[in-house]
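Features of the protein shown, as given by Swiss-Prot:
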- Asn28: N-linked glycosylation site (CARBOHYD)
- Asn57: N-linked glycosylation site (CARBOHYD)
- Asn66: N-linked glycosylation site (CARBOHYD)
- 1-25: signal peptide (SIGNAL)
- 85-155: topological domain 'Lumenal' (TOPO_DOM)
- 181-184: topological domain 'Cytoplasmic' (TOPO_DOM)
- 156-180: transmembrane segment (TRANSMEM)
Amino acid sequence: MASPLPVRTLPLILILLAVLAPGASDFNISSLSGPLSPALTESLLVALPPCHLTGGNATLMVRRANDSKVVKSSFMVPPCRGRRELVSVVDSGSGFTVTRLSAYQVTNLVPGTKYYISYLVTKGASTESSREIPMSTLPRKNMEGIGLGMARTGGMVVITVLLSVAMFLLVVGFITALALGARK
C-alpha cells in the first residue's frame, strides 16, 4: 500500500516551483578579480550578456544593498567578436599584450558601496535573466592621506643633471678638438 504523503506534498511542491521559477537564473554574469578589478570609485564594469543573446534588448538592474530602489539601464546586446569575456587577449607579442575589454560600465555610483547587479534580456519572444551578483565600488581615498614623497621626481632630476653635465663636457671636448685640429 502506497503512502498518501507524496500525493499531499505534490501540490505544495508545484506551488513552490511556480513561486521560485521567475527568480531562476538562465545565465551567469562573470566578474573579474586579481590584478584588474572591475570596481572603480564611482562606477562598475559588468560583463556583457552571453553571445546567444546578441541583438536582444538588455535591461541592467542595479540595486544598492539594503535598499529597494532599482535603477534600470537598457541597451541592445552588441554582436560577439570571438569569445565573450570581460577581458580577452587580442594579441600577445614580445614584451606587450593587447587586450580588449568587453563590459558595460555602470556610472554615477557612490564610492565604497555594495550593489547587487542583474540582467534581464528579451530577444524575440524569449526572456532570460541572470543571477543577481554583489559588486562593490572602491572607497575614495582622502587626498591628505596620499604621500607626497619624492617618488620618481628625484630620480628624474638626478638623471637630467647628469645628462646635462655630460652634454656640456661633450660640447667642450668637441670645441677643443676643433680648435687643436685647426692650429696644426
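A Cβ is built for glycine as well, from the same backbone N, Cα and C atoms used for every other residue.
By neighbour count, meaning other C-beta atoms within 10 Å, the densest spot among the glycosylation sites Asn57, Asn66 is Asn57.
The predicted model assigns the topological domain 'Lumenal' (85-155) a mean pLDDT of 78.
Asn66 (N-linked glycosylation site) falls within neither a helix nor a strand when secondary structure is assigned with DSSP, and so counts as coil. If you measure from the Cα atom of Asn57 (N-linked glycosylation site) to that of Asn66 (N-linked glycosylation site), you get 28 Å.
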